[in-house]
Amino acid sequence: MAAAAILPELATQVFIPVAAAVGIAFAVLQWVLVSKVRLSPERRADGGAAKSGPSDYLIEEEEGLNDHNVVVKCAEIQSAISEGATSFLFTEYKYVGLFMGIFAILIFLFLGSVEGFSTKSQPCHYSKGKTCKPALANAIFSTVAFVLGAVTSLVSGFLGMKIATYANARTTLEARKGVGKAFIIAFRSGAVMGFLLAASGLLVLYIAINLFGIYYGDDWEGLFEAITGYGLGGSSMALFGRVGGGIYTKAADVGADLVGKVERNIPEDDPRNPAVIADNVGDNVGDIAGMGSDLFGSYAESSCAALVVASISSFGINQEFTPMMYPLLVSSVGIIGCLITTLFATDFFEIKTVNEIEPALKKQLIISTAVMTVGIALVSWLGLPYTFTIFNFGVQKSVQSWQLFLCVAVGLWAGLIIGFVTEYYTSNAYSPVQDVADSCRTGAATNVIFGLALGYKSVIIPIFAIAFSIFLSFSLAAMYGVAVAALGMLSTIATGLAIDAYGPISDNAGGIAEMAGMSHRIRERTDALDAAGNTTAAIGKGFAIGSAALVSLALFGAFVSRAAISTVDVLTPKVFIGLIVGAMLPYWFSAMTMKSVGSAALKMVEEVRRQFNTIPGLMEGTTKPDYATCVKISTDASIKEMIPPGALVMLTPLIVGILFGVETLSGVLAGALVSGVQIAISASNTGGAWDNAKKYIEAGASEHARTLGPKGSDCHKAAVIGDTIGDPLKDTSGPSLNILIKLMAVESLVFAPFFATHGGILFKWF
């Protein structure tokens, strides 16, 4: 028998929840620090504004901010954005909640019918000669796990949105004291979301495993099969959050840009633009709530995939608790590592100039990766026996602990490489985006051509990085290696989310500064924060897509094992038709989401034009626009339009599995994975490049940029058109595709027992 892990079971049982609790406590601390920035002007007893010292007085004199009406205005705008975002999410959650209830019933009925709703124990699927809990128990616990995952995902997205809308005006006000102060508020707010989501996801999963374990006892095969419902619930909600939020934000953004910037030649976030509040609301519901749910889904699925494969390996067979919990130990160490990393941005070093913002955010990625490499080495040494076996398509493969460390490390570092390649292709500090900006000299057509070419080219290195990670991790530890490589890429999720959430918070801060009529210098500072956030948001999307590819492959391996498919032979007609249809699905899905943005944006453009043409004094700034109507248009359109793409993704595995069987479904999953990853990376990077090419021209920071500008020039208008085309690519279709490939795989795994028993109705007739 193999040697046991150094870390005893009790220590593991204590360490995981303590790490999660530390993450939640750190998030609360960051929130307390952010809340110290007041949104109401304090008054002295003599009626003047309270000041803490001469420096405050000088700052306010310099920025012309002795009129404290500006603080009140910021608070009003923040309140409008928060109300709009909350209203949208509650409306969205009503529909999603209905879907969640229906799908939970489906899970119970399908899985319960595998053994005819029998309550008798059944022979284990993998451990021959042993008996496992009945299929009805699997149906009940999978349904409970699904609901748990869905609720955790919704709460994560909602809390993230609340924190972002709480912090945006505070970031604007801190910008009066300098760019460093504003950066810290925006970053701390992002960290609240990052740590809250990472820690709560880990804690709920850990509690679910222990509670389910009371019933399952020694049947770990059944226990961890039921736990996969957690990943399905998380990703189902993420799909609707990403698609609904993405349609909302881009309908408002496109409407605001086309009429405001191109037709009326007014600045971005100008308070005269009726779509401006809807645009700012969209940043929170799409880029914060949707993205939070998305990365939570990736984390839940990669953990579930690793646990399922481990439960049928020596860890599960020998009932070794600490090695079994290795994926959760990696995530626990990730929270501690990210906590240390965050202090480098907020406490150890201070941002003093605009040029230090982007390097500070990039350092977060490098430091967290380096710290985590050490953390993973420690966990692998303490938490794993030196030699153990991993289930590999019907046989047990012998693996050593250092090999598993390499699998996690390769995923971690591949994520960093994908991040930096994404940055190279989407940041206006480098030649690819500058070339796209330069192409605007000859109009929008050449801008579109250059942007598409950049997106296609940007796929090359990330795909090689993913391919190398898959090859190495699979060679060392089969599908378990691929699952923990995905977990390695997501182990720095708290830092990744903090950087990601920082972007929309900074974007909102700039919008509030413009609407509140703050000085040009403040707007320059918020623009600098936003530009850095724009690049790091693209990096976050790169991480999400890369990890989705690895997660999907690991889930695919678990599905193939559970469905008892010995080999997936692409030359057999059953598999090949699945492969070619699966490769088509991302195109169908992208067409649906992009057309949804287009039709919603059309309504928005018509409404904004109507208001400019019919409301007297709107263009002169003497009358307020009707913001509420634009918010309603975005809300109604996104709720209506998110259902067809969501149904496509959720129903495809069910229809294929029931009608055509598990072999065809395995082809569909492989095809969707291969084509979906390429389109997702290309779409996200193309959109990001067009956005930053526009910002490059607007900022006019270099001699080359100044020859292309200023705002309102033909060159700038061509860049705005490119940015508008890129909006649905980078914020709706691209990020949603990574959910498509993960969700179809995890759904297939959850329903695998049913498909294996009752699937393939059509082929049974031939």
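The backbone N, Cα and C atoms fix where each Cβ goes, glycine too.
TrEMBL annotations: computationally assigned, not manually curated.
As recorded in TrEMBL, the features of this protein are as follows:
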{"type": "TRANSMEM", "residues": "14-34", "note": "transmembrane segment"}
{"type": "TRANSMEM", "residues": "95-114", "note": "transmembrane segment"}
{"type": "TRANSMEM", "residues": "134-161", "note": "transmembrane segment"}
{"type": "TRANSMEM", "residues": "182-209", "note": "transmembrane segment"}
{"type": "TRANSMEM", "residues": "365-382", "note": "transmembrane segment"}
{"type": "TRANSMEM", "residues": "402-426", "note": "transmembrane segment"}
{"type": "TRANSMEM", "residues": "447-471", "note": "transmembrane segment"}
{"type": "TRANSMEM", "residues": "477-499", "note": "transmembrane segment"}
{"type": "TRANSMEM", "residues": "543-565", "note": "transmembrane segment"}
{"type": "TRANSMEM", "residues": "571-589", "note": "transmembrane segment"}
{"type": "TRANSMEM", "residues": "648-681", "note": "transmembrane segment"}
{"type": "TRANSMEM", "residues": "739-763", "note": "transmembrane segment"}
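Here the transmembrane segment (739-763) sits against the transmembrane segment (543-565); at least 3 CB pairs are under 8 Å, leaving out pairs fewer than 6 apart in sequence. Residues 125, 225, 228, 231, 291, 294-295, 298, 301-302, 304-306, 308-309, 312, 391, 393-394, 411, 414-415, 418-419, 462, 465-466, 469-470, 478-480, 482-483, 485-486, 489-490, 496, 662-663, 665-666, 669-670, 673, 677, 680-681, 684, 734-735, 737-739, 741-742, 744-746, 748-749, 752-753, 755-756 of the same chain, all 6+ positions outside the transmembrane segment (543-565), place their C-beta atoms under 8 angstroms from a C-beta of that stretch. Against the transmembrane segment (14-34), stretch 182-209 has more CB pairs under 8 A than any other of 95-114, 182-209, 365-382, 571-589, 648-681. Comparison of 95-114, 134-161, 477-499, 648-681 by number of C-beta pairs under 8 angstroms to the transmembrane segment (182-209) places 477-499 first. Beyond the transmembrane segment (571-589), the same-chain residues lying 6 or more positions past its ends with a Cβ under 8 Å from any Cβ of the stretch are 645, 648-649, 652, 656, 660-661, 663-676, 679-680, 733, 736-737, 740-741, 744, 763.
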